[in-house]
């Protein structure tokens, strides 16, 4: 027994030394890599059943990925992994991100992952890619999001056909726009937020009008054009159609705003089709790399990723979740809200942005300065990547920008970048 005890003690001593050495070796490793945005590209955003409706999300994703790689000016085989957000995946076939990646001409050996965090999917893809690059798992990655809401199918339950027939369900509503906990539409959650923060319909309509006018001004000034990867649509027996401008922001009649009926709450409702985002098609992609890779490849980055964070609240309060993610960013970066030159808060509904402005106490003039999803459109898997990419283009050198987006289920994601 004494011999056995001595042997056990020796083993414990050896294990303790090994653990100590492991900790010491780990602690001596280099710090996290800095991650930069080398390029950002997106397709135009198409209206529901509009100009891009003939193309699946995966094709739109391919166009955005290819443009991001080309604009970074690097060989396609330098991209070692791809993350793409996509929410409404039914009927697209296996592994949508893989389809988009190979369709963009990237190497067959490129691993891919499809991310679904509802409306935050595109942004979460950027965050996950940044983590992988920071940790040194990869040196060059593409991240973004894609959605073709025009091509989302209907479904019916499997099983014996019941008496009276079967019920078809719209998967846009079922998988994209319904709070599964409270069994209500996202718009009802928006109405709850409007009531909680005393935000009137008039305020929401006014915000929506500003969104449209800002989007038009940004397009008219040429500010958005450099983000766009044109989409070519082949026509049988006719010239190809080349789509190179957002479709939604031009489809508006301001005189109808005050006359529209509320959609989700009949009595004392505030949310209408005019002050909400629309159903849309589009894709966005960012090429991310470490600064070491940027130096090796002679790439001049657009911006660097400073910090990112998620937050979660009660599912019905999902519209205000970004206000809980943003303080985490500022704390991590050692910045104050006054240091932020540009805010992009996704306009799922006008009330989302108005409520977050109130909660964060930020200057409305710095929020969605060039329009947002109410006017440009909201392809739900794309939008999070779009607003990060837009900031990377629109900020001026040395400025900081924060992009935040809410997602169904009570979540939000946010990213802080600095223009280089």
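Numbers here mean position along the shown chain, with the first residue as 1.
Backbone N, Cα and C define each Cβ position, glycine as well.
Annotation source Swiss-Prot lists transit peptide at 1-33, citing similarity to another entry.
Positions annotated as active site, acyl-thioester intermediate by Swiss-Prot: 119. Reduced to three states, the DSSP call for residue 119 (active site, acyl-thioester intermediate) is strand.
If you look up Swiss-Prot, you'll see 212, 251, 252, 253, 256, 277 marked as CoA binding site. DSSP gives residue 212 (CoA binding site) a helix state.
The Cβ of residue 273 (K(+) binding site) has 15 neighbouring Cβ atoms from other residues within 10 Å, across all protein chains displayed. The K(+) binding site annotation in Swiss-Prot covers 212, 273, 274, 374.
What Swiss-Prot records for 378 is site 'Increases nucleophilicity of active site Cys', and it gives similarity to another entry as the kind of evidence. Using a 10 Å Cβ-Cβ cutoff, residue 378 (site 'Increases nucleophilicity of active site Cys') registers 26 neighbours. In this structure, residue 378 (site 'Increases nucleophilicity of active site Cys') belongs to neither helix nor strand by DSSP; it is coil.
If you look up Swiss-Prot, you'll see 406 marked as active site, proton donor/acceptor. Under the DSSP three-state reduction, residue 406 (active site, proton donor/acceptor) is assigned to strand.
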Exercise. Listed recorded positions are 119, 273, 378, 406; which of them have CA atoms within 10 A of the CA of residue 212 (CoA binding site)?
Worked result: none
Exercise. Including all protein chains shown, what's the count of other C-beta atoms within 10 A of the C-beta of residue 277 (CoA binding site)?
Worked result: 27
Exercise. What is the separation, in Å, between the Cα atoms of residue 253 (CoA binding site) and residue 274 (K(+) binding site)?
Worked result: 9
Exercise. What's the CA to CA span in angstrom from residue 378 (site 'Increases nucleophilicity of active site Cys') over to residue 119 (active site, acyl-thioester intermediate)?
Worked result: 9
Problem set entry | 119, 274, 374, 406 screened against residue 252 (CoA binding site), Cα within 10 Å - retained recorded positions | 274
For this session: Compute the C-alpha separation of residue 256 (CoA binding site) from residue 274 (K(+) binding site), stating it in Å without decimals.
Result: 8
Problem set entry | Cα separation, residue 406 (active site, proton donor/acceptor) to residue 251 (CoA binding site) (Å, whole number) | 25
